[in-house]
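Data block below; observations after.
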Amino acid sequence: MAIERTFSILKPDATARNLTGAINAVIEEAGLRIVAQRRIRMSEAQAKTFYEVHAERPFYGELVSFMTSGPVVVQVLEGDNAVAKYREVMGATNPAQAAEGTIRKRFAVSVGENSVHGSDSAENAAIEIAQFFTEADIVG
């Protein structure tokens, strides 16, 4: 299996409910290592850049507002097939459709407030990681 990295965000709905430790425990129990982590307040510019792929979607403005509404925790996760593994651990975007035991099934409030973001490919993970971390920030 290939060791790879993926990017994660614990969103404002999760940090507001003090779920960082609980979500980190799920991540680590799944065999992923947290090799970089930082709690930040995402700026509007950062959120717009990060979610630029959704700029033409009707929910874009709401998404940017939500992601800047409170602290988030940005993370780099590492492990065997980390991108696919973390997407499995997160669960479906809609928590009502997420599998039992997944982060979104356990902690998400709604489709919009679904607690976590995870990269959808290794290529996007590298781009997303670089928006928030330098290689020196990532310690294995």
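Positions of Cβ are set from backbone N, Cα and C atoms, glycine also.
Here's what Swiss-Prot has on this protein:
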- Lys11, Phe59, Arg87, Thr93, Arg104, Asn114: ATP binding site (BINDING)
- His117: active site, pros-phosphohistidine intermediate (ACT_SITE)
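Taking the recorded positions Lys11, Arg87, His117 in turn and counting surrounding C-beta atoms within 10 angstroms, the largest count is reached at Lys11. Rounded to a whole value, the Cα-Cα separation of Thr93 (ATP binding site) and His117 (active site, pros-phosphohistidine intermediate) is 9 Å.
Counting only residues at least six positions away in the same chain, the Cβ atoms of Met90, Gly91, Ala92, Thr93, Asn94, Pro95, Ala98, Asn114, Ser115, Val116 sit under 8 Å from the Cβ of Arg104 (ATP binding site). In the three-state DSSP assignment, the secondary structure recorded for His117 (active site, pros-phosphohistidine intermediate) is strand.
Of the listed binding-site residues Thr93, Asn114, the Cβ environment within 10 Å is emptiest of other Cβ atoms at Thr93.
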